[in-house]
Amino acid sequence: MAANMYRVGDYVYFENSSSNPYLVRRIEELNKTANGNVEAKVVCLFRRRDISSSLNSLADSNAREFEEESKQPGVSEQQRHQLKHRELFLSRQFESLPATHIRGKCSVTLLNETDILSQYLEKEDCFFYSLVFDPVQKTLLADQGEIRVGCKYQAEIPDRLVEGESDNRNQQKMEMKVWDPDNPLTDRQIDQFLVVARAVGTFARALDCSSSIRQPSLHMSAAAASRDITLFHAMDTLQRNGYDLAKAMSTLVPQGGPVLCRDEMEEWSASEAMLFEEALEKYGKDFNDIRQDFLPWKSLASIVQFYYMWKTTDRYIQQKRLKAAEADSKLKQVYIPTYTKPNPNQIISVGSKPGMNGAGFQKGLTCESCHTTQSAQWYAWGPPNMQCRLCASCWIYWKKYGGLKTPTQLEGATRGTTEPHSRGHLSRPEAQSLSPYTTSANRAKLLAKNRQTFLLQTTKLTRLARRMCRDLLQPRRAARRPYAPINANAIKAECSIRLPKAAKTPLKIHPLVRLPLATIVKDLVAQAPLKPKTPRGTKTPINRNQLSQNRGLGGIMVKRAYETMAGAGVPFSANGRPLASGIRSSSQPAAKRQKLNPADAPNPVVFVATKDTRALRKALTHLEMRRAARRPNLPLKVKPTLIAVRPPVPLPAPSHPASTNEPIVLED
């Protein structure tokens with residue numbers, strides 16, 4: 001009974017999907033809906049698999065610092081892997097979930113420097129947290145403050161003075177006297193002066209337009225003038241005027257008008273006060289977060305002062321009473337029976353008895369976590385095409401802690417690695433490529449990428465390094481191995497060392513004499529080999545009446561034999577390949593063209609035309625151009641004398657038909 005009773009403040013497991021791990025949440029409120037169901041307002045806690053890899057590395061560095069400072073005992077790699085499943089990240093994100101999705105209780109504690117990490121592995125359903133995750137900003141912050149110890153943060157305590165020894169320090173620089181208790185005024189005179197100061201403050205608010213809007217009544221103005229800011233200013237005025245009441249009175253009411261003193265309660269507008277109440281409802285008394293997210297234009301001191309003044313108002317008292325009444329009306333606890341429905345991921349073997357799970361388990365397939373071959377129940381785990389499964393104990397571990405007991409390749413790490421990554425960070429193709437059950441052919445398909453055209457633009461220092469550090473760079477060898485890495489930092493350092501010495505002997509540049517394109521084209525045309533003539537024998541006479549002979553068969557059979565010989569009975573598809581047997585091309589549309597594999601697509605070729613090539617085009621007739629396009633592998637014979645710019649052919653003048661007065665008739 002007590003195990004199924006859940007109260008406000010409990011850490012519980014929530015199940016949002018049958019194939020995903022449980023969600024760890026803290027119950028903040030239990031509300032009853034109009035339908036009679038119970039909803040739980042919970043605080044979200046995140047696992048390592050829920051955050052990015054960069055934040056995981058940040059959490060790893062924080063864990064290493066904690067182990068060094070607290071001098072944790074050494075743990076094995078498997079224990080370190082399981083400790084990452086016990087670490088959670090607190091957040092300030094709230095959500096509402098049905099109470100019927102609760103699957104059990106757990107314990108979450110703040111990591112203390114006196115804790116031993118290995119103790120968390122000995123306890124069931126036990127987690128810890130030390131960092132706070134912000135789902136919006138994607139940041140990790142420490143949840144607790146730090147004690148600054150050292151001479152940099154502590155004050156230096158001077159030695160005690162001997163009796164009769166004077167203090168040679170300048171007291172005016174160290175402190176300022178704001179009130180003298182041995183003043184000549186009596187307590188009655190001081191109280192009368194404070195009453196006058198309140199009256200001056202009330203009169204000043206009546207003259208001020210903005211104050212008259214905020215405090216429309218005399219009672220509200222008098223209450224605002226009676227706050228501590230007015231009394232502190234009056235007492236400071238007495239101290240500065242040597243406790244002379246006449247001088248102090250004239251200071252309160254100068255020539256320009258009475259002095260108006262305002263505190264944070266009057267400086268803040270109504271909208272800013274509403275923002276503060278909303279932030280206080282969300283963050284509590286975390287003034288740094290309130291200032292950062294809601295009131296960035298206010299100083300931290302201003303927010304703290306407003307908070308303690310706001311607690312003295314009637315609005316705070318009313319809200320406190322309303323919250324107490326709501327807390328009394330809300331549910332304090334809820335009873336959720338144990339969830340007994342079977343999980344959809346259970347594997348029911350073919351031929352097994354009803355109610356038995358895993359009876360006919362296939363040989364050769366083991367648990368992905370503990371590699372056992374026998375279990376009372378088996379559960380499908382991972383992508384469906386992988387056919388991975390877990391035993392009953394490993395499935396419960398996966399649901400509670402969001403990982404496997406041992407790091408596997410499907411989780412994103414090789415067995416024995418020190419830092420396995422969560423499988424939740426991998427897509428399905430990546431998980432398949434890392435799985436031991438994926439064939440090499442499938443991996444090759446996954447690694448295939450589309451070819452992209454790129455431009456490599458080098459700097460002057462890189463071009464110098466090619467010549468000065470040729471022995472280290474080995475450009476010819478590197479060109480044959482474009483995927484082998486090159487230590488650019490070492491070559492850059494060596495180039496900077498050799499650069500001062502090489503400046504004395506400048507490099508000799510041998511310019512290449514490049515012939516014009518027209519000359520190269522003429523040489524290619526002259527050197528083009530002649531097309532070899534194929535030997536042609538005597539033509540075999542064809543007996544045209546041979547096909548029409550009967551040869552002992554009927555007319556219909558002769559026609560079919562002729563169609564078979566001529567090839568008319570073999571239909572061809574749109575891409576030139578014969579259709580498969582059983583497909584009729586006459587009654588069905590043409591077959592779909594085959595698509596090229598992106599990895600087999602040819603590289604783009606760009607042909608830049610010049611004046612000479614354009615002249616060659618003009619020297620050819622339209623028929624020769626089409627013949628050359630059909631046979632691009634054969635050389636093209638062009639007479640050099642024909643390479644000349646032909647005079648432009650005058651266009652014939654358009655002939656306009658003579659206008660007639662006869663009507664134009666359009667026939668359908």
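Glycine is treated like the rest: Cβ placed from N, Cα and C.
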Legend entry - Which listed span Swiss-Prot calls region 'Disordered', if the choices are 60-79, 340-359, 580-599: 580-599
Legend entry - Record-annotated SUMO2 cross-link (source Swiss-Prot) among candidates K123, K330, K504, K508: K508
Inset, instruction - Annotation phosphoserine in Swiss-Prot: match it to one of S18, S57, S433, S440, please. - result: S433
Inset, instruction - For the zinc finger entry in Swiss-Prot, name the matching range from 227-254, 367-394, 619-646. - result: 367-394
Legend entry - Candidate set T534, T540, annotation phosphothreonine, source Swiss-Prot, matching residue: T534
Inset, instruction - From the list K311, K400, K492, pick out the residue that Swiss-Prot labels SUMO2 cross-link. - result: K492
Legend entry - From the candidates S54, S96, S217, S655, the one which Swiss-Prot records as phosphoserine: S54
Inset, instruction - Give the residue from the modified residues K152, K460, K522 that has the most other Cβ atoms within 10 Å of its Cβ, counting over every protein chain displayed. - result: K522
Inset, instruction - Spatially speaking, which of the modified residues S52, K152, K460 is closest to K522 (N6-acetyllysine)? Use C-alpha to C-alpha, please. - result: K460
Inset, instruction - Between the Cα atoms of S52 (phosphoserine) and K152 (N6-acetyllysine), find the distance and write it as a whole number of Å. - result: 36
Legend entry - Distance [Cα-Cα, Å, rounded] between S54 (phosphoserine) and K152 (N6-acetyllysine): 32
Inset, instruction - Quick one: give me the count of other CB atoms within 10 A of the CB of S52 (phosphoserine). - result: 10
Inset, instruction - Between K152 (N6-acetyllysine) and K460 (N6-acetyllysine), find the distance joining the two CA atoms and give it rounded to the nearest Å. - result: 49
Legend entry - the zinc finger (367-394), counted residue by residue under DSSP: helix, strand, coil: 6 helix, 8 strand, 14 coil
Legend entry - Arithmetic mean of per-residue pLDDT over the zinc finger (367-394): 87
